[in-house]
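Copied over from TrEMBL:
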type    : residues             : note
DOMAIN  : 34-260               : domain 'RNase H type-2'
BINDING : Asp40, Glu41, Asp151 : divalent metal cation binding site
Amino acid sequence: MESLNDLKDYIKSRCNSTKFLNLSEVPSNCRSEACMLGVDEAGRGPVLGPMVYGVAYCPINRTDILKDLGCADSKALTEEKRDEILVKMLKEEDCIKNVGWAAEVISPNYISNSMYRRAKHSLNEVSMTSAIDLIKKVIELGANIKEVYVDTVGPPEKYQAKLSDIFPGIKITVAKKADSIYPIVSAASIVAKVTRDHALKVWQFHEGLDLDYTQFGSGYPGDPLTKKFIREKIDPVFGYPLLVRFSWSTAELMLQEKAVSCTFEEIDEPSNKKSPRCKPINSFFAPKIENGTTRKRKKHKFFEERYLTIGNAFE
């Protein structure tokens, strides 16, 4: 992958109803030298589009690369600047040898189904699982990770303790606003944000809607274009297209207002009482007992006519 067009083509080739990975090869120097790794996400709050978790990693003694790239608080960078930094990570020789990255794109459908299923999986749990799986994946591929820096989800102390238990021997640091403190987390945040931005730009509506990203906005509930999309692009029976996180209150309230109400039939609890006329199926195979003695079952005519006997291979 060498350009943003390559990134967009890859995203378009994947199913947007579940989650998928996109990652670089492990740089040669990251296999031999001790490395630090940063973790951050993009798109946690929007009602539209995926949430993306990103990681970036490089040798501990090469923080100069991150400074040269311009990795800073990604929220303070323009979209164009973030794109420019990612392209450098993809193309410049020094980055290819020293900076690795990975991203997991988690679809709106996956997020909402996780939150609605019987054994509920909260957004925090989805987030933590993604971060942990990405770290494991990078280590599994051969990166020599010795330090991990994470932008927190929930209380940082609990999250840090959990990660320390999973990754013993690795120095774990979990902090609020980590992307504005640690350049390696800023790099991870840029990977996540650029991936999410372009995932929205190439979103394909399998429901048949003829729309592009300029017509539904950023996905945040306060965006006027997003508000318009949520109000108007609702089917009274089938609800919203897969772009929408239908578990968000913004979408739930609109569904209650505009969608057809649905009542599910209540299924009676099975009774333990057996009907006197209903025989258990095993009664048809059990030998008949009369006056305390077992009566031999008469052979079926089919067997008698052909002089066949029934053998039991397990006797």
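Backbone N, Cα and C atoms are what each Cβ position is placed from, and that goes for glycine too.
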Same chain only, sequence gap of 6 or more: which residues have a CB within under 8 Å of the CB of Glu41 (divalent metal cation binding site)? Met51, Val52, Tyr53, Gly54, Ser127, Ser130, Ala131, Asp151, Ser189, Ala192
Local Cβ density at Asp40 (divalent metal cation binding site) - other Cβ atoms counted within 10 Å: 27
Residues lining the divalent metal cation site besides Asp40, Glu41, Asp151 (CB within 8 A of their CB center) are Val39, Ala42, Tyr53, Gly54, Val150, Ala178, Asp179, Val185, Ala188, Ser189, Ala192
In the predicted model, what is the mean pLDDT computed over the domain 'RNase H type-2' (34-260)? 92
Would you count the other CB atoms within 10 A of the CB of Asp151 (divalent metal cation binding site), including those on all shown protein chains? 25
